[in-house]
Amino acid sequence: MSNTNGSAITEFILLGLTDCPELQSLLFVLFLVVYLVTLLGNLGMIMLMRLDSRLHTPMYFFLTNLAFVDLCYTSNATPQMSTNIVSEKTISFAGCFTQCYIFIALLLTEFYMLAAMAYDRYVAIYDPLRYSVKTSRRVCICLATFPYVYGFSDGLFQAILTFRLTFCRSSVINHFYCADPPLIKLSCSDTYVKEHAMFISAGFNLSSSLTIVLVSYAFILAAILRIKSAEGRHKAFSTCGSHMMAVTLFYGTLFCMYIRPPTDKTVEESKIIAVFYTFVSPVLNPLIYSLRNKDVKQALKNVLR
């Protein structure tokens, strides 16, 4: 881990989203507001579901975990990003490792938390008579624990592979947080193992979690089409509508980043897309789930009385 003159790299420089002073001031205010709204929204959702006993169900148990992951996700990047805008743009080697590790871990955790939520909706609509058995407290705890254990295990493995590389080309990271791809570009050692491990992990986790979601919704759609009454179909659709919107928002931004041909993927475009799944998704999820959910809206009214 040394630079071109042989001295050890003890810190990195994060270039951020822009080097324009006027835009930096605007971005600081914008992301500070977004972060505060994210904190308020996700903490509010967690507290609401803890306080109202009617929301002590498997669906809201998973939603509480999703809100917690989103809260940690945006908190991992925003404070450092805001600090870099108003002061020095540096981050220590250990700080960069920690941020990279937590980012990967929480990204993977969210993949499988959304998959667990899709399974919950599948059981509720496709097999309602066995819902209490298939989503017992023990099952729910296992389904919610797996994303954290797997996400933080694979995240640690990926982060260790990255920071075992030798960094000698530069200490400047063209991003607003310590991300794997720009870090790999700074390495002057062989990145074959790391690049392939990253590709395999990204491909497997994205495809496997999305497959669980799509298969679950295929069964849900089949069950809904068998419902004869229009009111029953509408109720079933509304039950999983919020989750479908959250999945579309989260996976949609990731596909925009990785599905395009490599020639079209500029660094600046990648940073802008990263803003969406780092900041936009966490701030919108509480709104999506509260505005389309009668139980949440009623619980909020009860608390505000």
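Just so it is clear, glycine is given a Cβ too, placed from its N, Cα and C backbone atoms.
Values in this document were obtained by computation on a predicted structure and should not be read as measured data.
The topological domain 'Extracellular' annotation in Swiss-Prot covers 1-25 (among others).
Annotated N-linked glycosylation site per Swiss-Prot: ASN5, in sequence order.
Residues or ranges marked as transmembrane segment by Swiss-Prot: 26-46 (among others).
Residues belonging to the topological domain 'Cytoplasmic' (47-54) score a mean pLDDT of 88 in the model. Summarising the annotation, Swiss-Prot assigns topological domain 'Cytoplasmic' to 47-54 (among others).
The transmembrane segment annotation in Swiss-Prot covers 55-75 (among others). Sequence-remote contacts of a segment are chain residues at least 6 beyond its ends whose Cβ falls under 8 Å from one of its Cβ atoms, and for the transmembrane segment (55-75) they are 35, 38-39, 41-43, 45-46, 48-49, 102-103, 106-107, 109-110, 113-114, 116-117, 120-121, 124, 135, 140, 143-144, 147, 246, 278-279, 281-283, 285-286, 289, 295-296, 299.
Counting residues 6+ beyond its ends, the topological domain 'Extracellular' (76-98) has Cβ neighbours under 8 Å at 1, 9-16, 24-25, 27-28, 31-32, 34-35, 106, 159, 163, 173, 176-178, 183, 278-279 in the same chain. The topological domain 'Extracellular' annotation in Swiss-Prot covers 76-98 (among others), and the record cites sequence analysis as its basis.
Taken from Swiss-Prot, the feature disulfide bond applies to CYS96-CYS188. Just so you know, the Cβ of CYS96 (disulfide bond) picks up 26 other Cβ atoms within 10 Å once every protein chain is counted.
Summarising the annotation, Swiss-Prot assigns transmembrane segment to 99-119 (among others).
Same-chain neighbours of the topological domain 'Cytoplasmic' (120-138): 58-59, 62, 216-217, 219-220, 222-224, 236, 239-240, 243, counting only residues six or more beyond its ends whose CB sits under 8 Å from a CB of the stretch. The topological domain 'Cytoplasmic' feature in Swiss-Prot is assigned to 120-138 (among others).
What Swiss-Prot records for 139-159 (among others) is transmembrane segment, and it gives sequence analysis as the kind of evidence. Tertiary proximity for the transmembrane segment (139-159) is limited to same-chain residues at least six positions away from its ends with a CB under 8 Å from its CB atoms, namely 58, 61-62, 65, 69, 97, 100-113, 115-116, 119-120, 180, 197-198, 201, 205.
Taking Cβ pairs closer than 8 Å, the topological domain 'Extracellular' (160-195) reaches residues 1-4, 9, 11-17, 76-77, 80-81, 84, 91, 93, 95-97, 99-100, 103-104, 267, 270-271, 274-275, 278 in its own chain, all 6 or more past its ends. Annotated topological domain 'Extracellular' per Swiss-Prot: 160-195 (among others), in sequence order.
Remote same-chain partners of the transmembrane segment (196-216), defined as residues 6 or more beyond its termini with a Cβ less than 8 Å from a stretch Cβ, comprise 108, 111-112, 114-115, 118-119, 121-122, 154, 157-158, 161, 180, 184, 247, 251, 254, 258. The transmembrane segment annotation in Swiss-Prot covers 196-216 (among others).
Residues or ranges marked as topological domain 'Cytoplasmic' by Swiss-Prot on the basis of sequence analysis: 217-236 (among others). Same-chain residues lying 6+ beyond the ends of the topological domain 'Cytoplasmic' (217-236) with a Cβ under 8 Å from its Cβ atoms: 118, 121-122, 125-126, 244.
The transmembrane segment annotation in Swiss-Prot covers 237-257 (among others), and the record cites sequence analysis as its basis.
Here Swiss-Prot flags 258-270 (among others) as topological domain 'Extracellular', drawing on sequence analysis.
As annotated by Swiss-Prot, transmembrane segment applies to 271-291 (among others).
Comparing 26-46, 237-257, 271-291 for CB pairs under 8 angstroms to the transmembrane segment (99-119), the maximum falls on 237-257. For CYS188 (disulfide bond), the Cβ neighbour count at a 10 Å cut-off comes to 14, with all displayed protein chains included. Per DSSP, the secondary structure of the topological domain 'Cytoplasmic' (120-138) breaks down as 16 helix, 0 strand, 3 coil.
In three-state terms derived from DSSP, CYS188 (disulfide bond) belongs to neither a helical nor a strand segment and is classed as coil.
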